Amino acid sequence: MERPPGLRPGAGGPWEMRERLGTGGFGNVCLYQHRELDLKIAIKSCRLELSTKNRERWCHEIQIMKKLNHANVVKACDVPEELNFLINDVPLLAMEYCSGGDLRKLLNKPENCCGLKESQILSLLSDIGSGIRYLHENKIIHRDLKPENIVLQDVGGKIMHKIIDLGYAKDVDQGSLCTSFVGTLQYLAPELFENKPYTATVDYWSFGTMVFECIAGYRPFLHHLQPFTWHEKIKKKDPKCIFACEEMTGEVRFSSHLPQPNSLCSLIVEPMENWLQLMLNWDPQQRGGPVDLTLKQPRCFVLMDHILNLKIVHILNMTSAKIISFLLPPDESLHSLQSRIERETGINTGSQELLSEMGISLDPRKPASQCVLDGVRGCDSYMVYLFDKSKTVYEGPFASRSLSDCVNYIVQDSKIQLPIIQLRKVWAEAVHYVSGLKEDYSRLFQGQRAAMLSLLRYNTNLTKMKNTLISASQQLKAKLEFFHKSIQLDLERYSEQMTYGISSEKMLKAWKEMEEKAIHYAEVGVIGYLEDQIMSLHTEIMELQKSPYGRRQGDLMESLEQRAIDLYKQLKHRPSDHSYSDSTEMVKIIVHTVQSQDRVLKELFGHLSKLLGCKQKIIDLLPKVEMALSNIKEADSTVMFMQGKRQKEIWHLLKIACTQSSARSLVGSSLEGVTPQLPPTSAEREHPLSCVVTPQDGETLAQMIEENLNCLGHLSTIIHEANEKQGNNMMSLDWSWLTE
């Protein structure tokens, strides 16, 4: 494996050099990995004999790195003992290893030829802005900010940007002006390029140039020319000018606005242009803006914080396939946001359904800020999906995104010959257009997926209600069976004792009414028709889940995008001399991509309409299930009440029967002091209301029977008379409690 120059064979012990990460003016940065511990560090070593001045600068970088501690500045660490030796008479510099490569590598990807995504731009703005602010607070000017000196690291699934290579950094604690070293020319502030005195505002120019390139895909001022050339043409630009390009006539066109295409949403474009006007001011004294007296920091950092703190909700209108963005003021209610959506889309608030990516409906009780995730920025990172509940048929596809002027020019005449240098710009926009068509489909597919997840949530709720309904129906059925059997038995026993015991027409009528009600409630518990509808919906949903249109269908579009990227790569590798070429192959790809998007969107919206139709069936069915469940619960409650009421009546009858028994005992005790007892008849033994007096033991019972055998006939006569008298008294009792 390759060793960095000067590193002797066998040196490093358990540390093994894995790859060369980069090469600078006189230094190499290599990745070292511990063979046993799986630790990784970046080692910067000198590859040349250094002059005294450069050796001092090398050592100065190490001193600066060791005293810095910030999340967006790469950290220095101790050189492992096995590697701690001099190379070319200077020490090594050990740093944390960032595995994501540098920003230049990201910008060079063909898919980023027209700039990065909004989320990436805002992440870079936040990270590098924070790192620069930290360096300046510590009186350090970097002086060589460029994409090659910004590295990326994955931290818990989030990409962090870190500033590296402080070899040209200047510690200005001895004074505010420096006239020493000149860094990379393309990103260099004008005063450094002209070797004039400078301040920390040189980093503003470099930072602004980098951010502009991340937005547009190229540097702001005549990016195809060498700095010596474009400086002379740009130096007298208006302070608000942030972009300059050369027309076919050779005339330079200036603009205070960002060029198109780019990925920024409309709400961010203006504040970003204002920020770039501060950062790209040619005058170093005006660059960055005045210091805010309250916040005690330059205007550029105040505006940067404002941009990063904007709460913007991005909503994909699934009825039109268009994205609408809203700036959320503090504490705005969801209803207020929906009113703004109505004005923008014409969908009234009552018909709006806003779904998260997980298919969860937004909570109207919570503020509108629930549409924005903490720490997540950019319309490419998080979207809310708008549906019109009054519609179940979506008529897509809709018109494809519009072509830029350049792309439209070659589409109208694909055989027109253009210079290679101009064709690169046109084809870059063509790649951006093809990628945009694929992304438009991906967003709509994500909206369809949110609708599917919402449908499944409704289906889960319906299933729970179905299970509750079936359980309640089964319980009602069991209770009705018990009630029916028990009331039949009670009516039979009541009929048996009527001729010799207690009777009440009111009570008998009430019991028979209960029996009729129970028969009616049995019909309430019949839910088979609802079960059939629910099972039919379950089957329909399963078919929708299995449908190929429920899965991403953009394979052909991805293939076409890759073909466009490959064509663009080939063009970039061609020499930019005076040769010309046409755009026939690129235009074919554009046309095929539009046709492919049209086809997959027809399939997508057809499937989406089925999803929404199925969901509407569930919405229509849920009230019926709720009503059936409510009726069953009401019937259940009524049956239990009737059962309890009848049991109270039976106990009341038992109380009356006991009163009769007590009366018989009193009559018997008045007959010459003798209280003979007769064995109960079979009828009395079986009747639950018979008052049975039980002797204390068997011997006493036998004695009592023997003593009273002689009085049996006389006692029977007395009891018969007492029964007749008591029967007459029953008619005068208060039976009003039966109607309670």
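Even glycines carry a Cβ here, placed using N, Cα and C.
Swiss-Prot assigns the feature region 'NEMO-binding' to residues 733-738, out of the candidate ranges 37-42, 265-270, 277-282, 733-738.
Feature annotation (Swiss-Prot): of 125-146, 323-344, 389-410, 455-476, the stretch labelled region 'Leucine-zipper' is 455-476. Across the fold, the C-alpha of THR23 (ATP binding site) and the C-alpha of ASP144 (active site, proton acceptor) stand 15 Å from each other. Between the CA atoms of ASP144 (active site, proton acceptor) and GLY27 (ATP binding site) there is a gap of 15 Å, rounded to the nearest whole number.
THR23 (ATP binding site) counts 12 other C-beta atoms within 10 Å of its own C-beta, drawing on all protein chains shown. Note: VAL29 (ATP binding site) has non-local neighbours ARG20, LEU21, GLY22, THR23, ALA42, ILE43, LYS44, MET95, i.e. same-chain residues 6+ apart with C-beta under 8 A of its own C-beta.
The 10 Å shell around the Cβ of GLY27 (ATP binding site) contains 23 further Cβ atoms across the protein chains shown.
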